[in-house]
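A short worksheet on the structure shown next.
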């Protein structure tokens, strides 16, 4: 039974109309439920089938009727069935007991691991933190991943858009971030699967168990809670599951005073579900068929993701761009809320450079001298200009070869190739299939390392020494090993 139903007011209504996932319920005069209240319908239909579902009130229609959207399939639901107003919004379990578990939009566990060992629940609809409670000073969230920390740093309590096709390393990057926030920041993570494939959710769960992010033997040692409303679910579930995941994250931030990572995969599906619900409720569509409340819907979710004086929720959101059209209202509205973008490039993955984060396409509002400091800013811009020059020279190299370049350009190419290799690093969660121990690289080590490459101090070291290492000390050790092996 849904957690929301535990606070039942007992006001009973009758289902009068069912159109797909939308139902109209009639209540006694003066006892209408509030908008966003959860209604619970349980019982047997005339055919003897068990029916149990929760719906959320969306509209008050007049004539003592409300219109609600179901959070699960309405198969078997018939007119005349009894609906109970729970008196509150949908509520989900929160706290440490959620770690290592998989929930649906209603906070019910769906992983066959038994009931959740907590009585603490929280409603999924809440106000965003007050302005006076916010942490206003921008602070960089160190991930320990060189390419991100140097070129597109994340803001603590900020929102990051994650762009990338299939098979370029999104899942491994997500796992590494979850691992690093747990080990280095003492934080936890919440994963919200919004309208994506069930198979992907299952694969992710199995990979989390393999990499130790979820400890199957002792769930209390797990570092992530998962909340799924996948492609096969009704639009109501897909529209609200992001809020369910966010509510779990808010508890860790506000009550446990922790730094939290919230992953949303995929934020576009949240908008898409809102569009479907809007049409079902009979609202006039807006541009490209989206809901007229698009900006409000996205804003209500995004404004709750922030840093407070107590803790922070840093959100990483996979963004699907329909037909690669960045001007589509859904991605365009999302972009307005993002502080950074991390773009994964197939060309880098093909070269074996992991993480395959594109150093030229990825951006961050944090990369400015007033926030990260002059040295970090100068180093990042020098790295980008070196890589950009290398990109411009690639056509000439392909046609005429390296020998036709000027001395300066040859030096630039040599350093750019070392930079490109040095942007790769071994991940902790990938140890099981690379056989290499993972590396967490401190920001100061990252900056110092790239400065040494740019200054020419390391021009005499072989390019291969920079590949899949942590800091510059490891580069030098690897170079000595390569040199020793060559002499044998």
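Placed from the backbone N, Cα and C atoms, the Cβ positions cover glycine too.
If you look up Swiss-Prot, you'll see 164, 165, 166, 167, 168, 169, 170, 171 marked as ATP binding site.
Counting only residues at least six positions away in the same chain, the Cβ atoms of 170, 318, 343, 344, 345, 356 sit under 8 Å from the Cβ of residue 164 (ATP binding site). The binding-site residues 166, 168 differ in how many other CB atoms lie within 10 Å of their CB, and the one with the most is 168. Taking the centre of the Cβ atoms of 164, 165, 166, 167, 168, 169, 170, 171 as the ATP site, the nearby residues of that chain (Cβ within 8 Å, site residues left out) are 344, 349, 356. The Cβ of residue 169 (ATP binding site) lies under 8 Å from the Cβ of 344, 349, 354, 355, 356, each on the same chain and at least six residues away in sequence.
Cβ neighbour count for residue 167 (ATP binding site) (all protein chains, 10 Å cutoff from its Cβ): 11.
Here residue 171 (ATP binding site) comes close to 203, 204, 207: these same-chain residues lie at least six apart in sequence, with C-beta atoms under 8 angstroms from its C-beta.
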